Every structure is written in C-alpha cells, then in structure tokens.
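Worksheet for the structure shown next.
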Amino acid sequence: MWKSILAIALGAALGALLRWFLGLKLNSLLPSIPPGTLLANLVGGYVIGAAIAYFAQAPGIAPEWRLLIITGFCGGLTTFSTFSAEVVSLLQEGRLGWAAGAIATHVSGSLLMTLLGLFSMNWMLGK
C-alpha cells in the first residue's frame, strides 16, 4: 500500500510542478486561452495515451509504475478545474466565442493527443 501511495504522490508532485511551470512561463502570452493550461492538458493527453498503450503491452511491469505515470503524473499535470475557471471567466466577461473556442480546443485537442499517444506508442512497439 505504501509503495502505491508513494508512487501516486511522487507522480502527482512532478505533474503539478510541470503544470505550474507551464502556466508561469506561458499563460501571460495569450490570456484569453492561456497556453500553459492548454499545453498541460495536451501533453497529459498524449502521455496518458502512450502510457495506456505501453502498459497494455507490458503487463509484467509493477503496478506502481502505472500509478506513478497515469494516476499521479497525468492527474497532477492535467487540469480540468483551471480550464473550467478560465472558461467561466470568459463567460462572465461576455466573451462567448473565446469560451467556445477554449472548450473546443481543450476537449478535442486532449482527445486527439490521447489517440496520438496510443497510436504512436503502439507503432513504436510494433503493434
């Protein structure tokens, strides 16, 4: 149990630090759709797709690795709450087009990146 908790905690800390860094460095570049938040969600989508494909092909790997990468790192990196707050802020400002664009970009982009992660990992593994 402690190994699982440690794996999740370590992964979450690393993911959250990366998300914080991306926001710090990028969000001021385009405040309407903060690129740090978007990049965190897109990278997280790719990583989780690649990880799912990899772990499906390597069932003998210790489950703590899956917890570290998928539950911890991707959970700490991706951010539905920040994305939601940014969209609500746009709606409150009456910027409906920007809000719709942010929703479309985050959701479709994250789904496409997850698929890309799955396909690219399967390709690298020769599957």
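Cβ coordinates come from backbone N, Cα and C, glycine included.
Copied over from Swiss-Prot:
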- 4-24: transmembrane segment (TRANSMEM)
- 36-56: transmembrane segment (TRANSMEM)
- 68-88: transmembrane segment (TRANSMEM)
- Gly75, Thr78: Na(+) binding site (BINDING)
- 99-119: transmembrane segment (TRANSMEM)
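Per-site Cβ counts within 10 Å over the binding-site residues Gly75, Thr78 peak at Thr78. Note: the stretches the transmembrane segment (4-24) and the transmembrane segment (99-119) are not in contact (fewer than 3 CB pairs below 8 A, sequence gap of 6 or more).
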